[in-house]
Amino acid sequence: MEISDDVTNPEQLWKMKPKGNLEDDSYSTKDSGETSMLKRPGLSHLQHAVHVDAFDCPSELQHTQEFFPNWRLPVKVAAIISSLTFLYTLLREIIYPLVTSREQYFYKIPILVINKVLPMVAITLLALVYLPGELAAVVQLRNGTKYKKFPPWLDRWMLARKQFGLLSFFFAVLHAVYSLSYPMRRSYRYKLLNWAYKQVQQNKEDAWVEHDVWRMEIYVSLGIVGLAILALLAVTSIPSVSDSLTWREFHYIQSKLGIVSLLLGTVHALVFAWNKWVDVSQFVWYMPPTFMIAVFLPTLVLICKIALCLPCLRKKILKIRCGWEDVSKINRTEMASRL
């Protein structure tokens, strides 16, 4: 069956997506004899009672089915980013003090080092969710039409955006859990006693630092709101939930609220850094701290998003996505392909 070329609206394609129940469909078919009886909901258990394993998946299909095909690229990217960030943080937090001052901080690896890796991976994966959409808009502007296929690598990337987003939410939740575990660490309690002893030695009655208090209150609040929006995005990506939404509702949540969560995560990292941007001691072996590297890609994505929202570009993108074609660019592309 061929789909007509007139069906190009995403909302129409959303309505065409099958949402029915398999049992209701099988019950409504006009089969005769025992087959129709077994397909009724009340007697469906009789059909599954005999040779369940043989009917569920034939032996020849067990060898041809792929194992998590849509998750391969996102998991590989997440593993690479996690490994590189871990080695980078290990070099800064553990190896550097060991080499320069013979101080051993290996106890930081299970919690502190890992908790610097998690936010870096989470915000980078979230940026990778929205970067291909902006690249696709640039490609459409360059081609002057929406009917020309995207490059294979971009097409594969766009199909994996859901998995990138779910992995980002997973790492963000781990980051929140690890952060909440800070006061439970024995090393933190020892450090707290040392800070109190130093305060007594310095004869300080109040150790309140106004700007540090504001810094922590703001970035914790931003982190909570950003994680809540990420949770909403993760819930709406569940098929049963997305099927209950209209195209406009689903598109609004995934696109608009997704960018808001990326913005909140970026500001969360910037406020966490506070005045460390100009602190020379933060640069170990001329290497910047991880939060400086973490905000680079999200900031680039947000800048590109703002640029594409300019009226001169936004109107043209909307016209192209509605079916308009730039004849001059199409003819130029055809002439270049012939040459």
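Cβ atoms are placed via backbone N, Cα and C, with glycine included.
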>> If you check Swiss-Prot for phosphoserine, which of Ser28, Ser36 comes up?
In response: Ser28
> Would you list the DSSP helix, strand and coil counts for the residues of the domain 'Ferric oxidoreductase' (118-265)?
Replying inline: 123 helix, 0 strand, 25 coil
> Out of Arg161, His175, His268, which of the binding-site residues has the smallest number of neighbouring Cβ atoms within 10 Å?
Replying inline: Arg161
> Which bits of the chain, at least 6 residues beyond where the transmembrane segment (218-238) starts or stops, bring a Cβ under 8 A of a Cβ in it?
Replying inline: 126, 162, 165-166, 168-169, 172-173, 176, 245, 250, 253-254, 257-258, 260-261, 264-265, 267-268, 271-272
> When each of 79-99, 109-129, 164-184 is checked against the transmembrane segment (258-278) for Cβ pairs under 8 Å, which one has the most?
Replying inline: 109-129
> Looking only at residues six or more beyond either end of the transmembrane segment (79-99), which have a C-beta under 8 A from one in the stretch?
Replying inline: 105-106, 108-109, 112-114, 116-117, 120-121, 124-125, 284-285, 287, 289-290, 293
